[in-house]
Amino acid sequence: MTKLPLQALLLLLLSLISSTTAEIKTLTITSDSRPMILFEKFGFTQRGYVSVSVSSVSVTSSANAPNPDASRLGFFLLSEEALLQVLLEIQQNPHFCVLDSRYIQRLFTFADLSPPPLSRFNRTYPVSSPNEYSLFFSNCAPETRVSMNVRTEIYNLERDDSRDYLSAGLTQLPSLYTFFSILYLAFLGCWIYVCYTNQRSVHRIHLLMSGLLLFKALNLICAAEDKHYVKVTGTPHGWDVLFYIFQFIRVVLLFTVIILIGTGWSFLKPFLQEREKKVLMIVIPLQVLANIASIVIGETGPFIQDWVTWNQLFLLVDIICCCAIIFPIVWSIRSLRETSKTDGKAARNLAKLTLFRQFYIVVIGYLYFTRIVVFALRTIAAYKYQWVSNAAEETASLAFYLVMFYMFRPVEKNEYFILDEEDEEAAEIALRDEEFEL
């Protein structure tokens, strides 16, 4: 079995990246020797345009290498359908230059640059065939390093000739996020009403849950404004900063609330055990790291050399956090199961066990859907329907919030803790017959 050349591996890896919001970007490439650099991945309509401007271009080669051929370095567009054909060409000839492929849409090479010392080029190209394209820079000159300033603008024209800088499959995101932010604000209003009418049953955890709803709504509002301004102007106008701030607070609050509910803090016990504190002390710093990685991923792009590493770091930290928040729920279930054998309160313990086991299932379902199913949707959906994965993720999140808040709502007589003699006898039998293993 023959190994894929480096160019083919890079193309295959970069092809897995989902469409981006092609806001106007000004980038600096410094002494870069990569054979392939992906700048953007964008879904075009029938009236799509890509504008590329390069300046201060310099190409240096090693002492033993011949002078590089300027036509061996350049920019091109590659559609999803043509990707396999290009990969096949590279596999058949490892020394094949992508710029020579008949399956790409070549934009320009360094042979088109103005003479030094300016060494610049600027042109806008129409894309009349609707599809998802990737904007690449290719360096087919061996042992050469490239430095340059690059400015890209990628957009579709609307019917009124206004520019839409969001990919064809993401242009619905501002409306989508606005809709869900309204739902969460309404949810927050209902939650405040429930807490107000059941003040005697309100615990500290319920106040944290209120904060979680507030910051989720604010996060969605900032996301909607961010995407709106990128859509119409190509820049987020500072809304991205607010988005990342509220996203960080919201994610930390979400993991904290799940952990504290899993431990039974405030509504079952007023304190945390040492091992539960350690979980919090692990998860919160990891979420700080995950949000730093998220900012790097969102605000840069695949053109930076460590972009794939930041993606891997984000994925690893997210997996660790998702595993960590399960432990307190498991510990609570085991503790309640042991307690039920000695304290003589069978009905109450059965109710608590039922509640925590249901919560365990809900959390596992939420994590599975938002991490695996949403990723699968994002991967297999046609470029025109990339927004569907965002809608599915927000719908699943709202459903999870609704179930979690309903299960642990403040009520005078919680259905799980209503006791009578018949319940006590039935619970004793149930606890003997079922071990509540996960």
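Backbone N, Cα and C define each Cβ position, glycine as well.
As recorded in TrEMBL:
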type	residues	note
DOMAIN	25-156	domain 'CAND6/7 N-terminal'
DOMAIN	174-414	domain 'GOST seven transmembrane'
SIGNAL	1-22	signal peptide
TRANSMEM	176-196	transmembrane segment
TRANSMEM	205-221	transmembrane segment
TRANSMEM	241-267	transmembrane segment
TRANSMEM	279-298	transmembrane segment
TRANSMEM	310-331	transmembrane segment
TRANSMEM	359-381	transmembrane segment
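Packing against the transmembrane segment (310-331) from elsewhere in the chain are residues 255, 258-259, 262-263, 275-276, 279, 282-283, 286-287, 289-290, 293-294, 296-297, 356, 359-360, 363-364, 367, 371, 438: each is 6 or more residues past its ends and has a CB under 8 Å from a CB in it. Beyond its flanks by at least six residues, the transmembrane segment (241-267) meets 203-205, 208-209, 211-212, 215-216, 218-219, 222-223, 226, 273, 276, 279-280, 283-284, 287-288, 290-291, 294-295, 298, 321, 324-329, 331-332, 352, 356, 359, 363, 404, 408 of its own chain at Cβ-Cβ distances under 8 Å.
With a threshold of 8 Å between CB atoms, the same-chain residues lying at least 6 positions outside the transmembrane segment (176-196) that come near it are 202, 206, 209-210, 213-214, 216-217, 220-221, 223-224, 227, 387, 390-391, 394, 398, 401-402, 405, 409-410.
The DSSP breakdown of the domain 'CAND6/7 N-terminal' (25-156), given as helix, strand and coil counts, is 22 helix, 72 strand, 38 coil. Within the model, the domain 'CAND6/7 N-terminal' (25-156) shows a mean pLDDT value of 89, rounded to a whole number.
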